[in-house]
């Protein structure tokens, strides 16, 4: 009978403590040899006796209950780690709070997309008349803000509950409390049960960020942000949106689509970091739908009038002052990483040059056992799917012996403006800066969505662009698309770009007709040629 070997009190990096501390293995020579090779390999690394780990209460402590932190926590728990998640939402200046799940679920992607869908449905009602649908009293069709708000908040609360249940089922401890560092392995928290000190082998910072407010009179007292807009108790009415990033444009877009007067105040440019030609096309489309723009302006003060309306005074780049009265003022001027109250200095964690974010390599900070994912990372895409995948990969490296790191390049995204803008890869400006104008080819074209024909909708801004290298088999560096369902269209092309898509690949692909996604397979006009990028026919 073969001998039995008992390996006790041994742990490897990439593995976790066994829930059954006695692990009996068939004592074959080949198996023992494989274990020795495993223990001596560079990755995973041997960490020594298990008692060293048992000085810590948890294998992983996650500070922040958003998408990235939760993804890491759940993946680590699946791999057998003992995990604790700390999450606490500080109320917004207007007093808005929410449940577990972070920005995306509560005050970001999900409610934003639902508001966007509500606006699109209003547009669809108008289109339906051209397609033969008859409404008994079309003049009585109206939108109810409270009904939409209640439906969205009801959905969010259901997601909050499901998230808590999922953590419980995975035996992840959830603490609704603030967390801060005492040292590199110790977290102090204050929750309903009082103060606690938690110790963990690894600490993951996933606190995300919150909206910034300008330092002007009345901003905090009377303004709101994206933290508040989705749960407003009354309709926003005439709204000023300060800021022209994607959050500002999306909010202005769905408010306009729901029938509210929307004005965007632009300090410098629209959609900084995105392709600027595409940004200009989006502006033109939004203007055509009735959204107002105040270019080259900054707010100076917000005052509340006797009738509860808000008087906003602003200044343009010629130092001229103007003012107008609004029902709601929404600030969308950027977001601040929530690291200030973490006491990172007590753990020795250094922040980046902006004084807020963590500059990490493969999510690892300068302190080896402290990691970060999500919006708190310096110069990384602030996108939910990025945080989720980075969190999962990190957990697999820490507790599953995996080696795969997050690739932050060529991440697809979509701006849910009235006519959506989806993109992946380099903008035209970034490609030229990186490779030189002579080494970059820009294919572009306008197109006509079939569903726009009968209602005779504006097609002037249905536009797409392919950014490619002139050599290297015309490898595609970036894809940009403005039109209906842009996010659904660009997602598949994101995978293709990761697989070194070329312009020839696009042109050799048979399109699905009639769709707007097929326009990428029909594109053949370059900017360099000077030819007309408008289509001659929908079927040739």
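A Cβ is built for glycine as well, from the same backbone N, Cα and C atoms used for every other residue.
Checking the candidates 154, 177, 334, 348 against TrEMBL: the one annotated together with 243, 244, 245, 246, 247, 248, 249, 250 at the NAD(+) site is 334. Ranking the binding-site residues 179, 243, 245, 334 by how many other Cβ atoms lie within 10 angstroms of each Cβ puts 334 at the bottom. Proximity to residue 104 (disulfide bond), defined by a C-alpha to C-alpha distance within 10 angstroms, is shown by none of the recorded positions 179, 245, 247, 249, 375, 513.
Cα of residue 334 (NAD(+) binding site) to Cα of residue 375 (FAD binding site): a distance of 12 Å. Just so you know, the Cβ of residue 249 (NAD(+) binding site) picks up 27 other Cβ atoms within 10 Å once every protein chain is counted.
Residue density at residue 513 (active site, proton acceptor): 11 other Cβ atoms are found within 10 A of its Cβ, drawing on all protein chains shown.
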